[in-house]
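First comes the structure, then the notes that go with it.
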Ligand SMILES: Nc1ncnc2c1ncn2[C@@H]1O[C@H](COP(=O)(O)OP(=O)(O)O)[C@@H](O)[C@H]1O
Ligand SMILES: [Mg+2]
């Protein structure tokens, strides 16, 4: 459990929530469906300042962003522009310094660590650049992990893990360990793990950053399918070609949103001059 993403996506950061207590009651019922016309994600004037000792660094400033259910949004920007900082806030992995984040109408700042752990575990599927698979476990055991923390019964976990692996085209790799799989296959295992809990929101941070072009196309095709099924996807990347797979591209530069416009894909209006359209 040393790997950051794995730990964060499956249990509470504080270490609470994974002890032998009763499963937390779902305190976020119907949170994604109460009003389908309202944004799932709303950031108002969000800023993030990192401080270490006397040194402060403003990684995000004045971020206003609304994302609706079923949108496929790429967050695009050069290295160091604040994309991962933004993803960590969106994924309830980190807290903001100023502003407000409402997730399905709920002010995230009002939720306690147990609520946040539950949201991360049950409502959000995370995909990271480094796959974050446990090397000693076969694919299906990696995929079932979020369900272990979600306290789903064993036979059901296995059934769902195998079904998720089938969905990503790895039915014949359920018993293989990560070391026996290609990078592209490992990332597909990670996508299966992100999907197994049927989350409404998929958050992917540079998911194709370690993949060759064929595997990149595979993973992006999977995201297309998930989008077609109505999932909300936020894809973080520094590669324009990858970002263009989404229907909307939000450009981040120096911690601020530089522009926000349709990519022209998925039936959206053609991209205009996104360099000009700041919001
Ligand atoms: N924990 C941290 N403490 C201090 N500075 C950080 C921390 N995390 C990120 N930063 C800084 O914030 C800026 C944005 O980082 P990041 O969000 O990781 O950018 P990106 O994902 O776009 O490459 C960078 O300058 C980075 O060095
Ligand atoms: Mg990053």
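Note that Cβ sites are derived from N, Cα and C of the backbone, with glycine treated the same way.
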| note | Students should find that the region 'Disordered' stretch in TrEMBL, chosen from 1-31, 32-62, is 1-31
| remark: TrEMBL feature region 'Disordered', matched against 236-257, 258-279, maps to 258-279
